[in-house]
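Let me begin by presenting the structure, written as structure tokens, before commenting on it.
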Amino acid sequence: MHVQSEEIIIQGSPGSPGISFGPVHVMARGFSAPDVYEINEDQIAREQNRFEQALEITKGQLDQLRTHIENLSGEEEGKIFDAHLMVLEDKTLLRRVSNAISERRQNAEYAFYAVMQTFLEAMRRVNDSYLRERAADIDDVCQRVLRNFQLDTDAPAADRPDHQHILVAYDLSPSDTASIDRNHVLGFATEQGSVNSHTAILARSLGIPAIVGLEGAVIDIKTLSDGILDGYNGTLILNPTAETVKTYQEKLNRKKLALKELDILREEETTTSDGHRITLSANIEFTNELPMVKQSGAEGVGLFRTEFYLLDGGEMPDEFQQEKVYSEVAKAVAPHLSIIRTLDAGGDKIPAEPLSHPEPNPFLGWRGIRVSLTRKALFKEQLRAVLRASTSGKLGVMFPMISGISEVLAAKELLKESMDELDKAGVPFDPNIEVGVMIEIPSAAMMANEIAKEVDFLSIGTNDLIQYTVAVDRVNHYVSHLYKPTHPAVFRLMDITVRAAKDNGIWTGVCGEMAGQLAITPLLVGLGIDELSVGAHMVPSIKKAVRSLSQSECSEMMKEVLKARTSPEIAALSENMARRYYPELIE
Ligand code: PEP
Ligand code: MG
């Protein structure tokens, strides 16, 4: 007999818009603590085999990484991986895992995880700082092996549900998100993460409905409960009644209809009601988003996040492979401008290379231009690739995580060297390629007047500008209530930036998530921003919002905004204006 369980509503934060209906599958805490289940005698050989396969895949990856690092930084640096490889060849450890499979009848990933955790705990307790630090390396290898179990196609069905489902997980890294199998995963919810994490940004780009910050989800939710995931308002409903299903189906239909209605604006310009023209472009992470960009009516790509090449321990493609990708973008978007942002590895994203010690504060660490300026060969390969592709359409190049003028000068110097090298080799390129920097660190905003004299445009990365201005980690959901896009300090810094650009005759864009938030559009129009770059799915509604607003009224409102003392005051000013001019777009 089937007993209908009670309907349960769990509230998280909206991560990516959309509604999905289906059974829920819960994945154990991150990838670090795999599910444990007992195996039968006739499954022992299969599990031993799975273990060996995961080890082999990992060794192959580490070998590749070692060669890559040796080429970049020399043999000494490459040796870091010898220690990693040695762990995978340690006979005692391997025997213990094998025994746990055959004698304790544990599934392979759990057997491996349990043995490694015991070993790591012992190392961490030793009173020797060198050994304690090595524990971090071993932890890293352990994670890698566990991930490689996920790749193994023989994994039991419980681990790889082959039915369509809503995925619930403790956390998903940006690379987990990018490799989600769209045929099976209808939407996902995570306990960790916040709206501005790269995981949520990717989910929006890929059009996967998502919820973040759903506390207690992994423990509280049972696999195979029926669910509805509402990515618009961050609600997960378990065991929905027929009436709830109907309500959400109607909501989904309304949303689809509204999008269809906006489609008539596709060919229209993004101009305010009093004639102020704004360029509306799209952010992309992968070239397979290009058809969506075209379909959306965007007038360019304002941000191509190239670091997503590094997914799954991958390497940056070589100069010619990169040239191919950038040419594809340039051609698809021509005659409009496509801005290729140089590698912004680090932070919550993929590291440029495995580090011998984990960074205590990755967001304040080896990230963005800091990596490029210490790995000059890698940086110049990327710059030459952009230059080579610049004859295929209209390309710009942009540097992330700039904190001051010296980094701008150093990056430009390397761009000049790259141009000279191509010149010498007789390779054509656009010598007037637009060069810009991201303003996403308060120090760069304060120095915008000096920086503006060195570049062709400034693009404000509000995701990071907010995090660094108010000192709130953008992915940490414990402090997400303090991550305030409308904080007065953020708007004062943005105002300094826009004025510096105007004084120096260059343009300013906004490519952070703020550019796609309809309740904030009046503030960006009021600041006098020239370009907004948003996820392709937001292009039609932002276009409609800008066309409904009057630039002079918004800039009048900015006088109030710049005098405001609190974030709610600014949010209210903007939201009132938004509700007055486009209430149908604001929920
Ligand atoms: C930003 O910081 O606003 C930005 C656009 O860059 P990313 O989100 O990739 O850090
Ligand atoms: Mg950024």
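Backbone N, Cα and C define each Cβ position, glycine as well.
Residues or ranges marked as active site, tele-phosphohistidine intermediate in TrEMBL: His198. According to TrEMBL, the active site, proton donor annotation covers Cys511. According to TrEMBL, the phosphoenolpyruvate binding site annotation covers Arg305, Arg341, Asn463, Asp464, Arg474. Taken from TrEMBL, the feature Mg(2+) binding site covers Glu440, Asp464. Per TrEMBL, domain 'Phosphotransferase system enzyme I N-terminal' is recorded for 11-134. The domain 'PEP-utilising enzyme mobile' annotation in TrEMBL covers 163-234. As annotated by TrEMBL, domain 'PEP-utilising enzyme C-terminal' applies to 262-549.
Overlay of TrEMBL annotations on the structure.
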{"residue": "His198", "record": "active site, tele-phosphohistidine intermediate", "DSSP class": "helix"}
{"residue": "Arg305", "record": "phosphoenolpyruvate binding site", "DSSP class": "strand"}
{"residue": "Arg341", "record": "phosphoenolpyruvate binding site", "DSSP class": "strand"}
{"residue": "Glu440", "record": "Mg(2+) binding site", "DSSP class": "coil"}
{"residue": "Asn463", "record": "phosphoenolpyruvate binding site", "DSSP class": "helix"}
{"residue": "Arg474", "record": "phosphoenolpyruvate binding site", "DSSP class": "coil"}
{"residue": "Cys511", "record": "active site, proton donor", "DSSP class": "coil"}
- Query: Which recorded positions among His198, Arg305, Arg341, Asn463, Asp464, Cys511 have CB under 6 Å of ligand 2?
  - Reply: Asn463, Asp464
- Query: For Arg341 (phosphoenolpyruvate binding site), what residues in its own chain, 6 or more apart in sequence, show a Cβ-Cβ distance under 8 Å?
  - Reply: Leu303, Phe304, Arg305, Thr306, Val397, Met398, Phe399, Pro400, Met438
- Message: For the phosphoenolpyruvate binding site, please report the maximum Cα-Cα distance among Arg305, Arg341, Asn463, Asp464, Arg474 in Å.
- Response: 20
- Nonlocal neighbours by CB distance (under 8 Å) for Cys511 (active site, proton donor), same chain, sequence gap 6 or more: Asn283, Gly302, Leu303, Met438, Ser459, Ile460, Gly461, Ser533
- By DSSP, what is the split of the domain 'Phosphotransferase system enzyme I N-terminal' (11-134) into helix, strand and coil residues? 83 helix, 15 strand, 26 coil
- Item | Sparsest-packed among the binding-site residues, when each Cβ's other Cβ atoms within 10 Å are tallied, from Glu440, Asp464 | Asp464
- Item | Arg305 (phosphoenolpyruvate binding site): tally of other CB atoms within 10 A of its CB | 22
- Message: Given the binding-site residues Glu440, Asp464, Arg474, tell me which ones have a C-alpha lying within 10 Å of the C-alpha of the residue listed as 'active site, tele-phosphohistidine intermediate'.
- Response: Arg474
- For Glu440 (Mg(2+) binding site), which of the binding-site residues Asn463, Asp464, Arg474 has the nearest Cα in space? Asp464
- Note on the structure: Across every protein chain in view, the count of C-beta atoms other than its own within 10 A of the C-beta of Arg474 (phosphoenolpyruvate binding site) is 24
- Excluding its own, the Cβ atoms lying within 10 Å of the Cβ of His198 (active site, tele-phosphohistidine intermediate) add up to 26
- Task: Provide the number of Cβ atoms within 10 Å of the Cβ of Asn463 (phosphoenolpyruvate binding site), excluding the reference atom itself.
- Result: 21
